[in-house]
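Annotated domain 'EamA' per TrEMBL: 13-144, 159-292, in sequence order. Here TrEMBL flags 42-61, 73-94, 100-120, 127-145, 157-178, 190-208, 220-240, 252-270, 276-294 as transmembrane segment.
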Amino acid sequence: MSDAGDRSRESRAHLLCFLATMVVATSFPVGAAITQGLDSLLIALLRFSLATALLAPFVAWRYGLRFPGFAALARYGAISLFFVVFFWGMFAALRYTSALNTAAIFTLLPTFTAVASFILLKDRLNALAMTALAVGMGGAMWVVFRGDGAAFLALNLNRGDVIFLLATISMGLYGALVKHLYRGEPMAQMTFWTLLCGAAWLLVLSLPRLHGVVWTAVPFPVYAGIVYLGISTVITFFSFQWSATVIGPTKVMSYSYLNPALVLLIGLGLGHAAPWGALWPGLLMTLGATVILQRARPRRSPRRVEAG
């Protein structure tokens, strides 16, 4: 493929990452709004099941729903396991902590992904990129705490924060595994089977809880939130998986630095006040770190992959 073609694919990957990051930012307040209405494990099960059902017709039409083989299924199962742990952890954490706290912890994701990429992919970032990881994390924390150092120092990790920290570590491993276990199949096909495996994991884990659920008693807004999250899962899952094989997992996950700012913007749209004068330094730090990480070139080049 020509250099121009490579640049075009990379540009598409960056655009997809940015759009998917905006969608991810909405999942924190939506998840916080519905997590008290249904068990977190069941929310994750319904989310994955709906996402799988939404993607199935396209995959059946384009590629057919043939059994991919046990070796491929093992790869998809391994990838989905870490993704499932993240979403289960997110919904469980939001029972005990705030959307803004989870957005703050989520800024650790690029660092976890960089470590996992070094171990699994031998990707090595230069000193500038490693500095950008620290600056981006600091900028995101600045946004979360509105530049108030005393508020940061007074931070106490609660049960939900610890749960989400472990979930974020799992997500970092997921990002590196996608590229490590990719074997050249169309990304929509890989996404479908990974989501299906994730739904299967969640079904097994949910079996002891399913019999006690009175589905008619679940509030309608919870179902509406699950539908939204199911649709967003298809969009973000495909976008991040395809982009990770094109530009690398560390660059993909570096977009998570933008999440605290996006969560605050969403809150502003919902009528919440924000001290923008105190936020600008943090916003500039996260933007700068994201740009630097996109320009960093790991020694191992990404594999080529077809989006369709």
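Each residue's number is its place along the chain shown, starting with 1.
The backbone N, Cα and C atoms fix where each Cβ goes, glycine too.
Note that the coordinates shown come from a computational prediction; the quantities given were computed from them, not determined experimentally.
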Contact call for the transmembrane segment (220-240) against the transmembrane segment (42-61), three or more Cβ pairs under 8 Å: yes
DSSP residue counts for the domain 'EamA' (159-292), split into helix, strand and coil: 116 helix, 0 strand, 18 coil
Tertiary contacts of the transmembrane segment (252-270), as residues 6+ beyond its ends and Cβ separation under 8 Å: 13, 17-18, 20-22, 24-26, 28-29, 99-100, 103-104, 106-107, 109-110, 112-113, 132-133, 136-137, 139-141, 143-144, 171-172, 175, 240, 243-244, 279, 282-283, 286-287, 289-290, 293-294
Considering the transmembrane segment (73-94), which listed stretch of 100-120, 157-178, 190-208, 276-294 counts the most C-beta pairs under 8 Å: 157-178
Dominant neighbour of the transmembrane segment (127-145) in 100-120, 157-178, 190-208, 276-294, by Cβ pairs under 8 Å: 276-294
Arithmetic mean of per-residue pLDDT over the domain 'EamA' (159-292): 86
